[in-house]
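Taken straight from Swiss-Prot:
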| type | residues | note |
| --- | --- | --- |
| BINDING | SER192, SER193, GLY194, THR195, THR196, LYS200, GLN334, GLY335, THR339, ASP423, ARG438, LYS529 | ATP binding site |
| BINDING | TYR242, SER246, ALA312, GLN334, GLY335, THR339, MET347, LYS440, LYS444 | (E)-4-coumaroyl-AMP binding site |
| BINDING | LYS263, LYS446, GLY447 | CoA binding site |
| REGION | 265-334 | region 'SBD1' |
| REGION | 335-402 | region 'SBD2' |
Amino acid sequence: MPMDIETKQSGDLIFRSKLPDIYIPKHLPLHSYCFENLSEFNSRPCLIDGANDRIYTYAEVELTSRKVAVGLNKLGIQQKDTIMILLPNCPEFVFAFIGASYLGAISTMANPLFTPAEVVKQAKASSAKIVITQACFAGKVKDYAIENDLKVICVDSAPEGCVHFSELIQSDEHEIPDVKIQPDDVVALPYSSGTTGLPKGVMLTHKGLVTSVAQQVDGENANLYMHSDDVLMCVLPLFHIYSLNSVLLCALRVGAAILIMQKFDIAQFLELIPKHKVTIGPFVPPIVLAIAKSPLVHNYDLSSVRTVMSGAAPLGKELEDAVRAKFPNAKLGQGYGMTEAGPVLAMCLAFAKEPFDIKSGACGTVVRNAEMKIVDPDTGCSLPRNQPGEICIRGDQIMKGYLNDPEATARTIEKEGWLHTGDIGFIDDDDELFIVDRLKELIKYKGFQVAPAELEALLINHPDISDAAVVPMIDEQAGEVPVAFVVRSNGSTITEDEVKDFISKQVIFYKRIKRVFFVETVPKSPSGKILRKDLRARLAAGISN
């Protein structure tokens with residue numbers, strides 16, 4: 001059954017899910033929604049700490065989160081105040097985030113590997129009143145904390161001037177203040193990656209996150225089918241919205257167990273899957289690539305995994321096929337999201353309770369209770385099937401706006417509620433969405449459009465190439481030409497000419513790579529997106545091969 005296409009008065013062609021709309025309890029605060037069915041799985045595992053195998057039950061997680069809420073309140077945090085969570089994946093991240101939600105407070109999440117300047121910039125921009133971190137990162141905010149009366153809480157050892165997280169947990173959960181949380185109140189403030197400009201605070205509301213989680217896991221035929229016997233691998237950083245939403249919040253809603261890894265290590269990762277019988281693996285392309293290329297995979301039994309989903313960046317067909325062979329019982333597919341969209345716009349219907357057939361390379365179909373359209377970037381007119389254009393989404397799941405930036409908000413969200421993603425894609429005859437590339441990342445060769453993602457998919461399919469990124473280089477005659485940054489596989493001596501020849505045999509003339517630069521690593525954001533602006537900056541500075 002195809003998505004419904006409605007012709008609006010404006011002439012827009014609007015795409016909707018193959019799945020019927022569902023009731024979503026948008027009046028509930030996020031924590032109430034996540035724990036709505038708590039009595040059904042009180043004693044079941046909620047969090048499993050991969051570092052030490054400690055298990056926290058659902059009852060323990062809910063109780064500890066309420067204690068943390070009281071502890072934060074005693075330190076002065078009130079409704080609509082902001083806390084900063086500067087942590088790698090750990091149970092305390094979960095307690096802090098849910099605890100803040102109970103207070104009607106806001107969590108802004110930051111990468112603990114940020115420089116001190118980056119951390120302070122986000123703390124200042126978000127008006128954070130407390131930072132929750134580890135002792136090894138506390139120094140990054142020390143001076144700013146002293147100057148601005150900012151309290152620093154450490155989850156391990158507490159250096160001088162810091163509060164230990166255990167003090168929060170000692171609070172009496174019955175002393176939680178009575179707050180009236182509105183559906184449109186902000187609960188999470190992630191900062192968008194900044195790959196197309198300066199990082200901006202993305203205001204995600206209780207209603208927005210409840211809607212997004214429900215679009216994935218609620219309903220008789222859930223789009224992303226999960227249940228209380230599932231174990232999700234949480235290796236993606238919780239400070240990124242993909243992991244926070246599609247791993248943590250979705251799992252909490254259905255009563256599944258969440259296996260927490262602080263960071264990705266292929267050997268430990270492969271060891272934990274059979275040890276804890278992991279059933280669902282939410283990954284990003286760099287992890288998928290590591291699995292596909294690792295010789296260690298054959299030493300482990302990965303048969304428990306029934307779902308492998310990839311998001312944050314497009315995954316090529318060849319990489320999909322390579323990983324499919326590693327997980328014998330898993331359905332493999334992609335989702336598509338962006339922070340501003342809450343984040344999920346599309347999800348693979350092979351993951352549904354009653355699955356649909358899908359095509360390799362597609363990144364799903366639009367989620368239910370939402371609308372999608374494809375527009376011409378130049379004219380703004382909506383486009384029919386199979387024509388690439390900018391992807392736009394509308395629904396209760398999208399952000400409220402950018403914090404203190406009404407101009408950027410107005411540029412991103414139209415008055416009619418359409419959020420412009422800046423991504424180029426098309427919807428085919430079977431209602432599946434295909435991402436072509438980022439609008440701003442398209443290379444223009446004499447007016448022809450060259451999509452870096454297409455060339456990258458070809459490059460990493462070469463056995464002597466372990467990773468690659470393609471960016472534009474200014475050219476006097478052509479305007480821009482594609483150049484590649486390539487990471488050689490171990491022991492490889494592949495040359496620039498060999499790489500160029502490999503690509504030229506597979507693409508039209510204007511897509512041929514003009515230069516190849518060999519590098520140790522391709523710079524990427526925590527979510528796995530290639531940091532093209534860093535590579536363009538190296539070109540501008542006159543990189544030498």
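Any Cβ shown, glycine's included, is placed from N, Cα and C.
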Same chain only, sequence gap of 6 or more: which residues have a CB within under 8 Å of the CB of LYS444 ((E)-4-coumaroyl-AMP binding site)? VAL450, PRO472, GLY479, GLU480
For ARG438 (ATP binding site), the closest of the binding-site residues by C-alpha position, picking from TYR242, LYS263, GLY335, is GLY335
Tell me, what is the mean pLDDT of the region 'SBD2' (335-402)? 95
Could you state the CA-to-CA distance between TYR242 ((E)-4-coumaroyl-AMP binding site) and THR339 (ATP binding site) to the nearest Å? 8
Under DSSP, is TYR242 ((E)-4-coumaroyl-AMP binding site) helix, strand or coil? helix
Determine, to the nearest whole angstrom, how far the Cα atom of LYS263 (CoA binding site) is from the Cα atom of SER192 (ATP binding site). 21
How long is the line from the C-alpha of LYS446 (CoA binding site) to the C-alpha of THR339 (ATP binding site), rounded to the nearest angstrom? 33
Look at the binding-site residues LYS263, ARG438 and tell me which residue has the greatest number of other C-beta atoms within 10 angstroms of its C-beta. ARG438
Integer Å value for the Cα distance linking GLN334 (ATP binding site) with MET347 ((E)-4-coumaroyl-AMP binding site) is 7
Same chain only, sequence gap of 6 or more: which residues have a CB within under 8 Å of the CB of SER192 (ATP binding site)? PRO199, LYS200, VAL202, MET338, THR339, GLU340
